[in-house]
Each structure stands twice: as C-alpha cells, then as structure tokens.
Amino acid sequence: MADAALKRGPGRGRFVTFEGGEGAGKSTQIKMLADRLEKDGVRVVLTREPGGSPGAEIMRHLVLSGMGKLLGAEAETLLFAAARDDHVRNVILPALNQGSWVLCDRFFDSTRAYQGSQGKVAPDVLNAMQRVTIGDLKPDLTLILDVPVEVGLQRASARRGSGAPDRFESEDIKFHKGLRDAFHKIAATEPRRCVLIDATASAEAVSNIVWDAVRERLFTAVAAAS
C-alpha cells in the first residue's frame, strides 16, 4: 500500500464489501444499494476485485483467463495481491478520504476463501500479503450473499449465456462447496463486521435485507460519529 494513508474520523467515507460464491448476485445487489444510498444523498464509488483500477484490470484479465493458474497457487495469489495494492492506493483510499462510500464486489475475504481455503495457500503467506497490500484497512461492513452451490452455478451459467466459464466458474462442485463453507466460517468468525444473507429470494427481497443491514450497522455509526 506504499505511503497511502487512511483518514480517521467523521469525514471518512464507509467501506462496504460484498462477498459470496459464483452466481450469488453480488453485482446486482451492489447496484441496488448504490441507488438507494445516492437517493439519500450519499456519494458512492462502485468498484470490484480483481480489478477496479487500470493496473488491476490487467491483472484481472490474467487471472480470470486461467493464465495465473498455470503459475501455481502462490504465484496466482501474488497477482491478486498486486492488483489489490494498485486498487487500494488509486481507488479505494482516495474515495474514502474524500468522504465517499466505497462499495466493492469482493475484497480480501475472497482471497481467504478462494486461494486460502481452496487454493491451499498457507495462512501466514496470505496474512503477509494482506499486511503489505491493505495495511490496517478493513471493510466497515461485509455482506456475504449465500446461495446453494447448484443455484449459484445455474445463475452464473445463465448470466454468461454461450460464453465460456471463467477460471473459477470452471472448477468442480467440490471446490464451490468448499468456497461456501469458507464464507460461512468467515461470517461466523467476524460477526461484528460480516452479515450472512440468504440470497435465494428475489433481487428486491434481498435488496431490502441488505438495506436493513446497512442502516442498522452503518447509519447508526455515522450518526454517532457526527
């Protein structure tokens, strides 16, 4: 994260991350939350990982095309770390310091689940990469969208149509079930930061649950700080 620094205090924006397996509906829910926040006068920056900045988008292409997998699990994780470092320095921190709310489709919890739990990269390696790339930056709220693996993969297939599955969509069912378990464990381990949301309902119903969680967890905190 180099010399970038995160401001503290009431002028800082809020950082909300969306996590979950393939086809959980993260992209849809981020857009719906952004619309609601903007109607309330909140400045919002939408972003994603891997990607979100010009340099990180290059890394995204390398990873999702499958080229990173050819290098091995730890090397692939280094690509994610390089993308995150660029993304945090050039997009996330500047937006938060300017008072905007940052809504991010995936963050370090996905690295824990995908590369840690399923890629078998050692926890000490992941922790070292996390310290270097994000320092003490943590999401104010993480919304983990949960759907059964079969449902998520069906949604992902319908979304891409005739296109080929990406690097992670093409993994076997055991991999995806392991991912779901990993996200459940993250939610259970950090209940103050994470909210596990049943995302099998309609987009509108899930959006209402997301909105309730944001109001309860973050609007109260904003009011208390002001």
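Easy rule for this one: first residue shown is 1, then count along the chain.
Just so you know, glycine gets a Cβ as well, placed from its N, Cα and C.
When Cβ atoms from all protein chains are considered, those within 10 Å of Gly25 (ATP binding site) total 23, not counting its own. Classification of Gly25 (ATP binding site) by DSSP places it in coil, neither helical nor stranded. The feature ATP binding site is assigned by Swiss-Prot to Gly20, Gly21, Glu22, Gly23, Ala24, Gly25, Lys26, Ser27, with sequence analysis given as support.
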Close in space, distant in sequence - Gly20 (ATP binding site), Cβ under 8 Å, 6 or more apart: Lys26, Ile144, Leu145, Asp146, Val147, Gly152, Phe183, Ala199
Residue among the binding-site residues Gly21, Gly23 whose Cβ has the most other Cβ atoms within 10 Å: Gly21
Local Cβ density at Glu22 (ATP binding site) - other Cβ atoms counted within 10 Å: 24
